[in-house]
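Peer 1: Let me give you the structure first, and then I'll get to my questions.
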Amino acid sequence: MLATTPAHALRYVVPTRSLLLRLRCSSSSLAPLSSSEFAAGNTQKVNEEKSIDDGSGKKTAPYYPKRGQTVELVCESLGFKGKGICKVDGTGFVVMCDRALPGERFLGRVTRRKGSYAEVTKIKTLSPHRDLVEAPCEYASYCGGCKTQNLSYEAQLRAKEEQVHELITHVGRFSDNDPSLDTVLKPIVACDIQFHYRNKMEFSFGPQRWLPVEMLHEREDGPMSFALGLHAPGFFDKVLNVDKCLLQSEPGNMVLAAVQDCWRDPQLSLSPYNARSHAGFLKHLMLRTGRNVETGSQELMVNFVTSSYKPELLKPLVDRISSIPQVVSIMNNVNSSVGNTSVGEQEYTLYGKATIEEVLRGLTFQISANSFFQTNTHQAEVLYKLIEECAGLKGDGSEVVLDLFCGTGTIGLTLARRAKHVYGYEVVPQAITDAHKNAQINGIENATFIQGDLNKIGEDFGSNFPKPDIVISDPNRPGMHMKLIKFLLNLKSPRIIYVSCNPATCARDLDYLCHGVEEKNIKGCYKLMSVQPVDMFPHTPHIECVCLLELA
């Protein structure tokens, strides 16, 4: 799948016929396109740019940095996962660097080379980036969550807009020379709450505190043999101990502090799980905040993920946490497998109720410990309003909506109030169960949710629902499978609203729907009307897009 290819590589591709064949079929059953293969399509052009004329009319060999070499770099923009896209000074060679920010000049050490680009680790900043701000979080330099806290929010928005623009033009093949593109690509919608916006956080327990190299000489307060926090970037078994997180709610931080205060008491025999030896009891602490956007009231669910069911060991923690007023639910998911996932095979209620409530677009949703729900409720209100506006339902109950990748039905149910009927498809059985429950809670009877894998649809797909007036497609990061794209092109619904959390695969799928797939003799039949980026997660590289297509 294209998800195996870093999205930043998309930005430097020369669309040769052979490369387009691989890229444009990457959502089908063909083998994944590797990073080096992807970059290879641009190697010839980049090498020519970097070749140097020695005065005799001959060009020297192209520039390639070696592993371990120190190079001077200038960061030009942000790309995939918030990595800085840089150029080796005087050569034009493309280099990726974590935590490099636009305008920053620095020294970096080459750690690996992949085809026509390399990756480096930053050693020293020579001149800071132009939008430098002080990160309010003490863990921002070491945690993998908020990579751009020290970049002003206005600069973060500009970087995300630029990334969407480049992907739409380079991958989606929507010409920069087309004057209508300025009206199609909308300015990004900012999030007016930049901190404490997440309604779900997952913290991990570990047998040892991880410290970055620059802090090894310092000694933290408390025992070094226990850690509760977030995984160090790139490591599954190293945990950065944190006392609070500025992305979650204040009640969530109260719970985190309470657990930090008492779980390390040796008399409690609460051993942290070791991801390497697979020994230990406590695996994860998951916190979910229900937030009624109409009243502002909060309710908190605490979920301990453990390797076995021993409620007597958790009782001291339950007694301490249940005294926090916002805590209405304490759950225990038991995951006895050696895997370190947060979803348990069994689930037990240790205190209060088994679900919390969330209100979104006037609808009430019940959320269990493992339910999928939009992580930023405040900005989800904005996102869903945009989807409703793009749908443009008449409200007379005459239109049918097909909701692909419907999850727990949140988008479809918000549209059902103005539609004749909504048909939702989702691969996860529990999500379909939750969707039916959410429809029942809200008294919605004109919604049908069906469990099925949209990556494996057959020729009979579509036989159990009428032709829709509007299609909503909200796929996960890999985007849509070629089978589904062919189905949509044959279906010819008047409107498609494509909701994407990955602008790279979004651009690819928009290209398919509008321009077709020449190599497969598939013709596109849609016109791209608008692309609306939405900043759902400030201080992170994630971008959401709402795209409207109309039948041409």
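Cβ from N, Cα, C; glycine included.
In TrEMBL, annotation is done automatically, which means it is predicted and not curated.
Dumping what TrEMBL says about this protein:
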type	residues	note
REGION	42-61	region 'Disordered'
COMPBIAS	46-57	compositional bias 'Basic and acidic residues'
DOMAIN	64-124	domain 'TRAM'
BINDING	Gln374, Phe405, Glu426, Asp474	S-adenosyl-L-methionine binding site
ACT_SITE	Cys501	active site, nucleophile
Peer 1: Please compare the binding-site residues Glu426, Asp474 by how many other CB atoms fall within 10 Å of each one's CB, and tell me which has the fewest.
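Peer 2: Candidates: the binding-site residues Glu426, Asp474. Fewest Cβ atoms within 10 Å: Asp474.
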Peer 1: Which residue counts does DSSP give the domain 'TRAM' (64-124) for helix, strand and coil?
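Peer 2: Reading the DSSP string over the domain 'TRAM' (64-124) gives 3 helix, 36 strand, 22 coil.
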Peer 1: Assuming the binding residues for S-adenosyl-L-methionine are exactly those in the record, Gln374, Phe405, Glu426, Asp474, what is the maximum CA-CA distance in angstrom, rounded?
Peer 2: 16
Peer 1: Taking the centroid of the Cβ atoms of Gln374, Phe405, Glu426, Asp474 as the S-adenosyl-L-methionine site, which other residues of that chain lie with their Cβ within 8 Å of it, listed in sequence order?
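Peer 2: So the additional residues around the site are Phe372, Asp403, Cys406, Gly407, Thr408, Thr410, Ile411, Pro475, Val499.
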Peer 1: Does Gln374 (S-adenosyl-L-methionine binding site) have same-chain partners at least 6 apart in sequence with Cβ under 8 Å from its own Cβ, and which are they?
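Peer 2: Those within reach of Gln374 (S-adenosyl-L-methionine binding site), by Cβ under 8 Å and sequence separation of 6 or more, are Leu360, Ala380, Leu383, Thr410, Met536.
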Peer 1: Restricting to the domain 'TRAM' (64-124), what is the model's mean pLDDT?
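Peer 2: Here the mean pLDDT over the domain 'TRAM' (64-124) amounts to 86.
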Peer 1: Quick check for the class: what is the C-alpha distance, in angstrom and rounded, between Phe405 (S-adenosyl-L-methionine binding site) and the residue listed as 'active site, nucleophile'?
Peer 2: 13
Peer 1: Which Cβ among the recorded positions (Phe405, Cys501) has the fewest C-beta neighbours inside 10 Å?
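Peer 2: Minimum Cβ neighbour count within 10 Å, taken over the recorded positions Phe405, Cys501, occurs at Cys501.
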Peer 1: Take the C-alpha atoms of the residue listed as 'active site, nucleophile' and Glu426 (S-adenosyl-L-methionine binding site) and report the distance between them in angstrom, rounded.
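Peer 2: Rounded to a whole number, the Cα-Cα distance is 17 Å.
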